[in-house]
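A.B. asks: Here TrEMBL flags Arg79, Arg104, Asp131, Pro132, Met133, Leu134, Ala135, Thr136, Gly137, Gly138, Ser139, Asp200 as 5-phospho-alpha-D-ribose 1-diphosphate binding site. Per TrEMBL, the feature uracil binding site maps to Ile194, Gly199, Asp200, Ala201. Feature annotation from TrEMBL assigns domain 'Phosphoribosyltransferase' to 6-208.
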Amino acid sequence: MSKVVVMDHPLIQHKITKIRDKRTGAKEFRELVNEIAMLMTYEATRDLQLEEIEIETPVAKTKAMILTGKKLGIVPILRAGLGMVDGILELIPVAKVGHIGLYRDPETLLPVEYYCKLPNDISEREILLVDPMLATGGSAVAAINFLKEKGAKKIRFLCLIASKKGVETLSAACPDVDIYAGVVDEVLNDHAYILPGLGDAGDRLFGTK
Ligand code: URA
């Protein structure tokens with residue numbers, strides 16, 4: 001089964017409360033989403049590989065740790081995933097960014113792919129797949145299967161708000177993918193929106209309706 005990490009850090013919880021609040025406008029919402037994504041990245045990259053190298057400080061030679069192992073790739077699921085990218089890039093500026101476009105068919109509620117552009121060395125990168133909302137899990141599973149078809153081997157999924165059903169579905173379909181969620185909400189409504197959730201993450205990020 002997937003490792004599921006729910007962020008209990010007070011800063012993350014505070015900022016999630018702010019984005020849930022319907023009075024929070026698009027500018028502040030965008031800033032908060034990026035800040036939460038950055039804080040989550042800190043936790044989601046805790047097990048990255050390090051190696052020891054020799055360096056010289058201005059006053060002495062020393063051994064010090066440096067990141068080694070696979071490079072990282074960030075893949076937002078369009079469009080709401082875009083809101084998390086800059087925050088992650090703040091911490092990992094050398095990561096390459098791919099994009100997957102999926103929309104949910106309003107009748108069937110199933111994900112349909114309409115865009116895909118990925119780094120060509122995706123099989124050599126550890127991928128952070130990001131979408132603020134893990135609702136039914138359908139889009140996340142479709143995106144992961146798609147990334148695997150394109151060669152991705154190691155994928156972590158980051159979301160701000162997950163539903164219990166989304167976590168169960170993703171974990172059952174992709175047990176090799178660890179899930180990092182800011183918070184897990186209880187239920188989905190009839191339109192597959194998370195309750196209490198925060199509404200439509202894409203609309204709130206981009207000021208659309
Ligand atoms: N996508 C959203 O933006 N919000 C939800 O609650 C579920 C899916």
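Here the Cβ of each residue, glycine as well, is placed from N, Cα and C on the backbone.
Neighbours and distances for these, please.
C.D. replies: In the three-state DSSP scheme, Gly137 (5-phospho-alpha-D-ribose 1-diphosphate binding site) falls into the coil class.
In the three-state DSSP assignment, the secondary structure recorded for Asp200 (uracil binding site) is coil.
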A.B. asks: If the uracil site is taken as the center of the Cβ atoms of Ile194, Gly199, Asp200, Ala201, which further residues of that chain fall within 8 Å of it by their Cβ?
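C.D. replies: So the additional residues around the site are Ala80, Pro132, Met133, Ile161, Tyr193, Gly197, Leu198, Gly202, Asp203, Arg204.
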A.B. asks: Checking proximity to ligand 1 here: which binding-site residues out of Ala135, Ser139, Asp200 have their Cβ closer than 6 Å to it?
C.D. replies: Ala135, Asp200
A.B. asks: Between the Cα atoms of Ile194 (uracil binding site) and Ala135 (5-phospho-alpha-D-ribose 1-diphosphate binding site), find the distance and write it as a whole number of Å.
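C.D. replies: The Cα atom of Ile194 (uracil binding site) is 6 Å away from the Cα atom of Ala135 (5-phospho-alpha-D-ribose 1-diphosphate binding site).
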A.B. asks: Can you give me the same-chain residues 6 or more apart in sequence from Arg79 (5-phospho-alpha-D-ribose 1-diphosphate binding site) with a CB-CB distance under 8 Å?
C.D. replies: Gly101, Gly202, Leu205, Phe206
A.B. asks: The record lists Arg79, Arg104, Asp131, Pro132, Met133, Leu134, Ala135, Thr136, Gly137, Gly138, Ser139, Asp200 as binding 5-phospho-alpha-D-ribose 1-diphosphate. What's the largest Cα to Cα distance among them, in Å, rounded to a whole number?
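C.D. replies: Roughly 17 Å, rounded to the nearest whole number.
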A.B. asks: Between the binding-site residues Gly199, Asp200, Ala201, which lies closest to Asp131 (5-phospho-alpha-D-ribose 1-diphosphate binding site), Cα to Cα?
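C.D. replies: Comparing Cα positions, the candidate nearest Asp131 (5-phospho-alpha-D-ribose 1-diphosphate binding site) turns out to be Ala201.
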